[in-house]
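These come from Swiss-Prot:
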BINDING   17-46, 285-295  FAD binding site
């Protein structure tokens, strides 16, 4: 697909395997993951530096697991507040929905507050670990074109200098107003909310109460959120007829803050910004050699804090697949599973976020009265209360098709869901999270059994060529039993008993886990070989000895 571009003579040429448009969180995560896989990456960003004002304020357990996968979670955690509850309040201050899940099945707290600019800075600094990754700021993407085996990008610097980039693949992480998506004429379906919200960030938190509160005031709904490093965020609905300029005026800002603070004059304002809440979804996530990710593919209201986290899911899902294709270990048909797996869940998160917004600010006042009464009654039903407390309403990603092999009834199958991440004990006595023992790899994890037993020599060669780790899980008391050791198999102890419970619940003794920690297949030793053949087929894996030419950019 060719796209018209100016007749320009580039002064600088770049040749890479992957070009990423946009140095936001999704682009930076993609670059970190591909960087550690040895892929040549160039990130191009229109701005002259990272955005330094707070935007997203919620990071979940899945996103922290993604940070862990690229070795950055220890640097991210100091900028988070774990176990961050969300409470919906009536106009009189009564809590009618309390969301504070205390589960950590993926290894991290489910809800966390965070400061996005500081976490983005951690990811940018993380790129310095990889000589094969570069990030260029002050580069405006003016045009691009696709050929059979590459994408050509035309850039312009602040000084007007022209540059060209030739890449095998382009990942568009250039935001909700994505130039790439618009240029490709990909429909961005959905709607824009009629109401805007003004966000006010304050240093030296004048309240210092923990958690986040959503006050469902019919006169002017507002949000009060405690953030790390003593930052307080308030969000107020902008009412019809009000403008950002008016609300920024000192007397009007004082009036807003007097609603939530006893002394609105004694505050240290960081900044105020007006946001519009959109709920939109790209019709396609892959267009030949261009892939859309993050806000370029979907945008949603902020009320469940899932815009940022959905972008992290995109990056984790796409990066390992793109690396396999570039390395010649899979055909590019594998990239079609990115949209197949991610689009439906992104739609579910959009719908959840819209619903949460309607709970906070119902379109009709009578709906708010009904909400308050019904919620008061439901809170006296323990199952309903647990449903909110444990955040069970959040649609957990589950893939029904794509890079996986499903056996049996889909409703009860763990295939297509994220695998748990408990602590395990290594043979040297160290206790660590499961992913740390696996690295950024596939894993075949067996309960009590040698995971290689049911595999042919050819299969072992094929999966080892992918970097697969073969894990035998045993009760912790058996970890030092030398007679159970097998060459090429890592033995770990089930420190918390969670792996035993998981395998018992799902009636399987072997799991094939993808690099993004999703269950690709389950089996028992006698069926593993057949299951791996099916999985290799649906993932379009190549044979290690096959004559596969890895694409190179001229």
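Even glycines carry a Cβ here, placed using N, Cα and C.
The secondary structure of residue 23 (FAD binding site), as reduced to three states from DSSP, is coil rather than helix or strand. Residue 285 (FAD binding site) falls within neither a helix nor a strand when secondary structure is assigned with DSSP, and so counts as coil.
If you draw a 10 Å sphere around the CB of residue 17 (FAD binding site), it holds 24 other CB atoms from the protein chains shown.
Cβ neighbour counts within 10 Å, taken over all protein chains shown, single out 29 as the most crowded of the binding-site residues 23, 29, 291.
Note: residue 41 (FAD binding site) has non-local neighbours 16, 17, 18, 19, 20, 30, 31, 34, 35, 130, 132, 133, 134, i.e. same-chain residues 6+ apart with C-beta under 8 A of its own C-beta. For the binding-site residues listed here (35, 285), the lowest count of other CB atoms within 10 A around the CB belongs to 35.
Classification of residue 35 (FAD binding site) by DSSP places it within a helix.
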